[in-house]
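Accompanying notes for the structure given below.
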Amino acid sequence: MSASDPVGEVAQNDQPGLNILRAAVRRRPWLRLPKGAALRQDAMAGLSSAISNVPDGMANGALLGVNPVHGLYGTIFGPAVGGALVSTQLMMITTMAAASLSASQALGGLTGQARADGLFAMVLLVGALQLGAGWLRLGRFLRFVSYSVTLGFLTGVSVLLILNQLPDVTGRDAPGGVTGAVQLLSDLGSVHLPTLALAALTLLLAVLLPRTKVGQYGRLFAVVVPSLLALLPLFADVQLVRDTGTIPKGLPLPSLPPLSAFTPGVITGAIAVALIILVQSAGVGQSVPNPDGARHSSSRDFMAIGAANMVSGLFRGAPVGGSVSGTALNVLYGGQSRWASIFAGLIMAVIVLAFSGAVGVVAMPALGALLILAGVSSIKPRDIRLVVEAGWPSWLAGGTTFVAMLFLPIQAAVGFGVVLSAFLYITQASTDISLVELVRHDDGAIEERKPPATLSARQVTVLDGYGQLFYAGAHTLERLLPRVGGAERPVVVLRLRGLASMGATLLEVLARYARDIGNAGGRLYLSGVDPAAHRQIVRTGRLDLQGPVRIHEATAFRGQSTRAAVEESEEWLVSVAQEPGDG
């Protein structure tokens, strides 16, 4: 097949995902180095982002319940691999608190090497799922997850993020979450004061230092200073990173987790984590325009994040995604292209090689305090107020999802949120139905009126419906349609323009209405019918097109088929009025 063969071109373009991969290979974005000042600016932005990612990566590793160095591995391969492939050039693909917390929840009671193997298996599965989502262009289905449900879920993640750090910042050997918070309130005497003091110092420094000339490096100093103090005899009992396990030296070699690590809990957890990452990353991608004006592609971003997670899992790294804070810092540091992200990953690799020994002396309460700050900053009071003020369906959806996140396993909470979103969509669509009567005046103006309760004898009533006429929406339409009552020879013209297909429920509703009108000697005209819907009606045979039902297909001119239906119905009324015995 020649390259100019149009049939071949169409066949290629019709294969989901291939055009995305083909375009990425053809453009070779990872080979296009910026020149001069732009390259230097990307290098400096990458250096700044890498330094900022050190405390964040370690904190996310600790949050996962594994050696914090695995969080640093994620900050190497996420930015390097994701930055090379992503369509949103300034997006920073790195570790995320929401993803780390969700993965930690999904791993449940696994400990030691079993927990680490389960994590890496989960990250690999997350990457595979995200690659598949991008390949099949499934990003469009994310819009069916309502904003209120998403906000309730993410707010629940933020609160859990805070509660799960209470054992680390108080020095208590206790569970996290709501249960641990209740136990802490009932046993305040068990708090280890030196640990709490270092955590409080970290919070204070993390809030104040970024407002000074230190800038965004303040979070790094907020971890370094308390960690140095933790080496003093007064803080000898404070837990350090090295207490959680041996800190490996150098970079990890690629390895696959054992098949036994792919348990049902890990698989369902991977689905939940993949969805969380994609929802958050989609919002990041839409909010950051490309400096060169190139178009943003959600599907390509999904594939880039998936590839980054697969490589991260292969090298024993934490799950990664489009980070809101990381992307904001990348822009703030002056990143000009995707190379800022790539440089961030490469520089992080150098940092891990050179300073892996220093990781072991980092104080755990300092990392916990940083995560508490991240959780607090992730709660958006203005957005919550917007959902509350939007009405009871919105705040009920957000509130129930928030509660589910606090008390249910992560897989169940995500599934609950998705099902709730679908239920709300169907409910809203089925109730947001309106029906109006169209009345034409002598000057040509068309007035919309409330339809009559009952039809009039030997008169044409033109009706137009608004909303989604599927499932319960069709039954809502049936309740709104004027009753036939005792009218003789009533005629209804029902405008259905914009309805691409007829659901079985709508066909049944129209069949019953047509039967009632036919029993009264009248007719039902359906105007503005899409040709595909017309063929569907003919194929099903549910409507009697030789009896009381007539169809006028939609044309390129709005109202043309409805006018034709009205004229035909009026002519029919005149003709039947002249029949012997009528009237």
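The chain as shown is numbered from 1 upward.
Cβ atoms are placed via backbone N, Cα and C, with glycine included.
Taken verbatim from TrEMBL:
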TRANSMEM  76-99  transmembrane segment
TRANSMEM  119-138  transmembrane segment
TRANSMEM  145-163  transmembrane segment
TRANSMEM  191-209  transmembrane segment
TRANSMEM  221-241  transmembrane segment
TRANSMEM  261-281  transmembrane segment
TRANSMEM  342-374  transmembrane segment
TRANSMEM  395-426  transmembrane segment
DOMAIN    460-541  domain 'STAS'
The transmembrane segment (342-374) vs the transmembrane segment (191-209): 3 or more CB pairs under 8 Å: yes
Distal contacts, the transmembrane segment (119-138) - CB-CB under 8 A, six or more residues away: 16-17, 20, 64, 66, 70, 103, 106-107, 256-257, 261-262, 266-267, 269-271, 273-274, 277-278, 298-314, 316-319
Ranked first among 76-99, 221-241, 395-426 for CB pairs under 8 angstroms with the transmembrane segment (191-209): 221-241
Best-contacting stretch, by C-beta pairs under 8 Å, relative to the transmembrane segment (145-163) and drawn from 76-99, 221-241, 261-281, 395-426: 395-426
Closest-packing stretch to the transmembrane segment (395-426), where packing means Cβ pairs under 8 Å, from 76-99, 221-241, 261-281: 261-281
Secondary structure tally of the domain 'STAS' (460-541) (DSSP, helix then strand then coil): 35 helix, 20 strand, 27 coil
